[in-house]
Structure formats: structure tokens, C-alpha cells
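As annotated by TrEMBL, domain 'CENP-V/GFA' applies to 20-166. The Zn(2+) 1 binding site feature in TrEMBL is assigned to Cys27, Cys29, Cys95, Cys98. Under the heading Zn(2+) 2 binding site, TrEMBL lists Cys48, Cys50, Cys53.
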Amino acid sequence: MAPSLHPLIDNGITKGTKNFPGGKLRCHCPSNKVEVTLSSNVLHNHACGCSQCYKPRGYLFAVIAVIPVSNVSVTANGDKLHILDPNATILRHACKECGVHLYGRIEKDHAFKGLDFVHVELSDEKGWQEPQFAAFVSSIIEQGFDPKGMDEIRGKFHSLGLETYDALSPPLMDALATFAAKKSGKLQ
Ligand SMILES: N[C@@H](CCC(=O)N[C@@H](CS)C(=O)NCC(=O)O)C(=O)O
Ligand SMILES: [Zn+2]
Ligand SMILES: [Zn+2]
């Protein structure tokens, strides 16, 4: 049986719609769901295989995007949120009861500060930007995936038109490197 990558990927990728206005993310609790309202579409949506991003149960990848912090608000049951790892770069705010990650925020000096990290499969609305590439693909091995299966995983992404990387995509890696070079004074 083919491995399950992510519910937004396995059955083909549905392109987002133009001028999509955003929508609501909800956790998986049966009642008193944590609700986060996003007032725009997301950017740089992508699959992530790393061990820290939230993956739906039974799937190998997360689908994670960024959105300006000012477009993110917690609109219900925010008292159920806690920060998973206060020492991580991305402070992942998860529901204490069901474990779903509602949003990740960067507070320290960082190239992506000002952008929150969110998972659009937590929304019922259709039209979110579709995943653009797959990041941290080799990281699934660290979580116990058999390395012999990696050709199949990368092949499945490629067959859907998604490029695969073992870190972020080149433009995002360049943005991180530019930020580091400016910080150290190597670039003006
Ligand atoms: N191989 C590592 C990679 C972790 C990693 O670097 N994740 C990236 C993509 S989400 C990141 O930016 N992490 C910062 C953070 O999680 O705070 C793992 O799987 O845990
Ligand atoms: Zn919950
Ligand atoms: Zn990740």
C-alpha cells in the first residue's frame, strides 16, 4: 500500500482560489474547540517532514504555511492553548487536550519573524493556497521511516508536481542566509 503523505496531498493537489479571504482553523476536540481566525490566504504553503511540525495521525508529513501575525487571531477557547517547546525557534501553540497545533510564532530575531505558521487542513473552507513543495523530506527517516522507501516518497511528490528538498526551498534558504549575513555584517 502506498504510504500516506497528507490528506491535502494523497488524492491530488487542489489549487487555491484567487482573492480567497481566509477562514477559521479549529482543533480536534469534540467540544469547546480552540478556534483561530485567519483574515487572509496563506503564503509559502508546503509539506514538511520534520519531527516538530504537526502531522495528522497516520500521515508522514505536515502541511504548513505562513501568514502575517497581524492576520491571525485566537477567537475561541484560547485558554486551552500552551506552548509545546518554549526553547524552539517556532513557538508552537497547541491545544492541551487534543494536541493539534493551532499556530506557531517566532518571537526572537529571525528572518521569518512577523509570520505565523499554520495548518490549513484545520479549516473547513476551500481555497487556501495549495502546497508548493516538500521540505525536510529526509527528516522522516529520523522518525523511523525505512530509508529504502524514500524513492517512492520523493517520486509521489514529483508525480504531483511538488519539488522535494531536505531543508527548505532555495528561495527560503536564501532568505535565511541573507538574514544571517546581514546580522554578521558580511552583507549590507
Ligand atoms: N531534522 C530535524 C529538522 C527540524 C527543523 O529544522 N525544522 C525546521 C522546519 S519546521 C525548522 O525551521 N525548525 C525550527 C523550529 O522548529 O522551531 C527534525 O526532523 O526535527
Ligand atoms: Zn483541542
Ligand atoms: Zn517542520
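Each Cβ is built from the backbone N, Cα and C atoms, and glycine gets one as well.
Where TrEMBL records a feature, it is marked here on the structure.
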residue: Cys27; record: Zn(2+) 1 binding site; Cβ contacts under 8 Å, 6 or more apart: Lys33, Val34, Glu35, Asn77, Lys80, Cys95, Glu97, Cys98, Val100, Leu102, Leu122
residue: Cys29; record: Zn(2+) 1 binding site; Cβ contacts under 8 Å, 6 or more apart: Asn77, Lys80, Cys95, Glu97, Cys98
residue: Cys48; record: Zn(2+) 2 binding site; Cβ contacts under 8 Å, 6 or more apart: Phe61, Ala62, Val63, Ile64, Ala134, Ala135, Phe136
residue: Cys50; record: Zn(2+) 2 binding site; Cβ contacts under 8 Å, 6 or more apart: Ala62, Ala135, Phe136, Ser139
residue: Cys53; record: Zn(2+) 2 binding site; Cβ contacts under 8 Å, 6 or more apart: Ala62, Ile64, His101, Phe117
Among binding-site residues Cys50, Cys53, Cys98, close to ligand 3 by Cβ (under 6 Å) are Cys50, Cys53
Hits among Cys29, Cys95, Cys98, i.e. binding-site residues with CB under 6 Å from ligand 1, come out as none
Distance filter, Cβ under 6 Å of ligand 2; input binding-site residues Cys48, Cys50, Cys53, Cys98; output Cys98
Reduced DSSP state (H/G/I helix, E/B strand, rest coil) at Cys95 (Zn(2+) 1 binding site) is strand
Residues sitting within 8 A of the centre of the Cys27, Cys29, Cys95, Cys98 CB atoms (Zn(2+) 1 site), not counting those, run His28, Lys33, Val34, Lys80, Lys96, Glu97, Gly99, Val100
Across Cys95, Cys98, listed as binding-site residues, the smallest other-CB tally within 10 A is for Cys98
